[in-house]
Every structure is written in structure tokens, then in C-alpha cells.
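Taken verbatim from TrEMBL:
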type	residues	note
DOMAIN	1-148	domain 'F5/8 type C'
DOMAIN	154-319	domain 'Laminin G'
Amino acid sequence: NCDDQLVSALPQSSFSSSSELSSSHSPGFARLNRREGAGGWSPLVSNKYQWLQIDLGERTEITAVATQGGYGSSNWVTSYLLMFSDSGRNWKQYRQKESIWAFSGNANADSVVYYKLQHSIEARFLRFVPLDWNPNGRIGMRIEVYGCTYRSEVVGFDGKSCLIYRFNQKLMSALKDVISLKFKTMQSDGILLHREGQNGDHITLELIKGKLSLLINLGDAKTHSSNAQINITLGSLLDDQHWHSVLIEHFNNQVNFTVDKHTHHFHAKGEFNYVDLDYELSFGGILVPGKSGMLSRKNFHGCFENIYCNGVNIIDLAK
């Protein structure tokens, strides 16, 4: 039930814009169904360089948006982009089906057009960017945003540290593992996680030149097999200081590797369902470099958020 109204109770100081036509058209009047001022926000000039921005005060899960035109006017927006940010400086555009997605806006001043987002956004700042508007009027907007509080546990890595998690063996299923996390970084290289066994078996998730690489090595004893090593690469430009999500699911020898909604399904043949791994996982680097001939690999420098391993909140546990 993540559908609370997020905008209606915000103070005037939470609204900003590229410009305003007059003080009665200021962004603080852009609340849905309200009639104060001139009945909505309108910029000084109607062109594609204008925007209306809200500050939700903290990172929030956003599940839907709604728009109206200016009350009782000929000012409304017929299409717009939605942008989001944690800082208010570094912006990302909402995408759907791998393209920058323009929302269809309004056909008159007062009807509400509501959109349930295909996938939710986690952000503090939202920016509405008008693309087209009523040709017989100007840009005019009233908005609402729907969502709920986003629970976030964050840990920072300085490129020299790592976080070790030891599994409770009594709770372990030997054949199933689910690991999920989000990360953001400005560095193009770094180890996100590493797990190793006694016989040289290891699984490593590593950022290499802005792409994520999942390496599964079934150990020195099995290297005669062509299936002994699997290396899957997903994503690109992941060092853009935005949050990216990672999910690794391993059941028997079926592995699902997901990065930002892109999933690679594969079967790890051979003996991956019996892979010999310690019940220990390191995040952000390798505790004993060189164990697997990986001395040159860099530790991660950036932030992780909401690390879960088989349902256990690792950061919460560490705190």
C-alpha cells in the first residue's frame, strides 16, 4: 500500500522551478486540485527548457504521479519527462522499456491524469520537464506524487575496507542462495562481493570498466572441464554515481543474474550444485588478497544499500 500523497503536505520551500510567470504563478501553487494564486505553476517563457521540481526531504519510494493544468485556464502540459535525483544536482531520467519515456499529459485545465509507474523510483528530488503544451495557451501544471517512506540501510567503502558475513550453517540450504544489494560509485573498478572455497572454487562479482562481471570458478581440480569457469557481464556506465540494483539467485545449477531489471539466466554445468564454498561472504573487497591469484583487483570505493543474503539484512546486522 505504497500510495500516500506526498506533495499536498509539503511546505512552499519544497517547490522550485526554472522560472515563474509572476509571483502568483510560483511553483508553490502547483499542488493538485488547489486554486490558490493563479491556480498553478507557469514559467516566464513556455519552452522546452522549463522544469518544476519538488524536494521530498528524504529518499522516498515513488509509485505514481498525477498532473493537472492551471485552474480554469488555457494552460496545460500535453507531454512531459520525469527526472529524479538524490542530491538535486545529478539527475536521471525515468525510463520504461529501455527508452526515455515521455508521459502523456493533460487535454484540459482541470481533469487529473494519473500514472502508476511500471517500476517505482527511489529518490529525494523529482523534476517534471514539459515537452509539449496547449498551443493556444502556455505551460501550466499542478501535480501530485504518490509513494511511501523508503527504508534504507547504507554503508560506505573507502577502497581499503570490506564487510564480512558468516552464514549460520544451520539455516543454510546448500542448493539455494539469494543475494541482493544496491550500489553507487564514481570508480569504474572494484570488487562488490567474493566467496571462496577450500578447493579454489569461488564466486566474484566485480565492477570492471563500469560493467558488472559475475565470475564463477569451479576450482582448480576441475579446470580440465570447459565449464569450469563462467563469466557473465551485464550493464555499462555503472560508475555514474546513481544507485544500481543487483540480484544473484542460485538454485541447484540454475543461476539468475540481474542488474537494473536486466536478467541473464544460465545453467552452470558440471558440479556447481555441489560447489565447495565457505559459509563466508565478503562485500567490497577480499579479506586475504591473492588467495585466488587476484592480488591486482581493487576493493570497492562507494556506497552499498540494503544488502540482503538469503533474507538477512547484512548492514543492519553489522550496525
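Each Cβ is built from the backbone N, Cα and C atoms, and glycine gets one as well.
Secondary structure by DSSP for the domain 'F5/8 type C' (1-148): 9 helix, 70 strand, 69 coil.
The predicted model assigns the domain 'F5/8 type C' (1-148) a mean pLDDT of 94.
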